[in-house]
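The feature signal peptide is assigned by TrEMBL to 1-16. Annotation source TrEMBL lists transmembrane segment at 60-79, 124-152, 196-220.
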Amino acid sequence: LCGELHLLLFYRTGCALTQVKSCVDRMSDQQRDQQSQQRQTGFAALKEHVLANKLETTQWVSRVLTIYFALGYVLPFLYGNSVNAYYKVLMANAATSAIRLHQRLPPFTLSRAYLQQTMLEDSFHYLLFSLIFLYVYPLLVIILPVILFSLLHSTSYSLTLLDTLGQNSWWGARLLISVVEFQTRNILRLAACSEILIMPITVLLVFFGKAGIMTPLVYYQFLVMRYSSRRNPYTRNMFYEFRLVAENFANGASTPPVLRKGLHAAIGFISRLAPPTVVQPQQQGQ
């Protein structure tokens with residue numbers, strides 16, 4: 001009987017030791033997992049993210065280059081040749097738009113429907129924009145919408161990269177990103193306003209011999225596409241706001257009759273050029 005009790009006690013002790021060992025192993029595995037997760041934040045994790053998201057990272061790089069070249073145009077000491085920097089802004093934007101267009105379109109098919117779908121994409125609009133002004137006299141207002149969109153979208157993806165490095169990394173950059181995101185609506189409004197103001201500027205550039213005669217005609221088509229954009233209605237909204245301001249000024253008691261008549265004629269002419277559209281919710285889009 002004593003022998004059996006010793007065997008039973010030995011068996012239970014062995015089971016208890018096995019359970020303790022199993023528990024210790026699980027705790028060790030959890031600690032290793034936590035350490036592994038901690039190691040996944042940092043430059044190794046950033047490298048892994050870049051390799052897994054090559055197109056998105058390439059777009060981010062091209063947008064950062066767009067901002068850099070724009071600064072080189074405004075501040076020549078940063079780049080050296082301001083005119084060269086100006087046209088590189090347009091080329092970098094063309095690269096960004098081409099990559100984005102490739103992401104959004106289905107596989108290529110030679111059909112009218114595919115062409116129509118392509119022309120509806122905001123990225124196609126700004127690819128066309130870059131091609132229009134690639135051989136036009138450099139002006140800051142022309143590249144302003146390109147700079148604003150690059151700033152807006154690059155800061156958005158920069159936050160993703162910073163999160164990959166770690167939640168508490170680069171707090172100064174995070175503060176700047178939050179400021180840009182807080183001003184998103186104003187940035188999009190300013191970009192839309194500059195798109196509209198570029199139209200009369202292209203006409204003036206033709207008269208001064210700084211642009212080809214086709215430039216305002218092609219840019220008008222760009223503006224029509226922006227007005228009809230499905231993802232970014234800010235251009236359409238700014239046209240409406242400009243119209244309200246012009247009508248209020250024209251109907252003012254102190255406005256001369258000749259100027260009033262001219263404003264109403266201009267409003268009617270521009271309204272007839274506007275394509276029919278369906279109201280869409282406001283989104284970020286390029």
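Keep in mind that glycine also has a Cβ here, set from the backbone N, Cα and C atoms.
Just so you know, TrEMBL annotations are computer predictions that nobody has curated.
Outside the transmembrane segment (196-220), and at least 6 residues removed from its termini, the chain residues within Cβ reach (under 8 Å) are 128, 132-133, 135-137, 139, 141-142, 145, 235, 238-239, 242, 273. A Cβ distance under 8 Å defines the sequence-distant neighbours of the transmembrane segment (60-79), meaning residues of its chain 6+ beyond its ends; these are 85-86, 88-89, 92-93, 95-96, 99, 138, 140, 143, 146-147, 150-151, 153-154, 157-158, 161.
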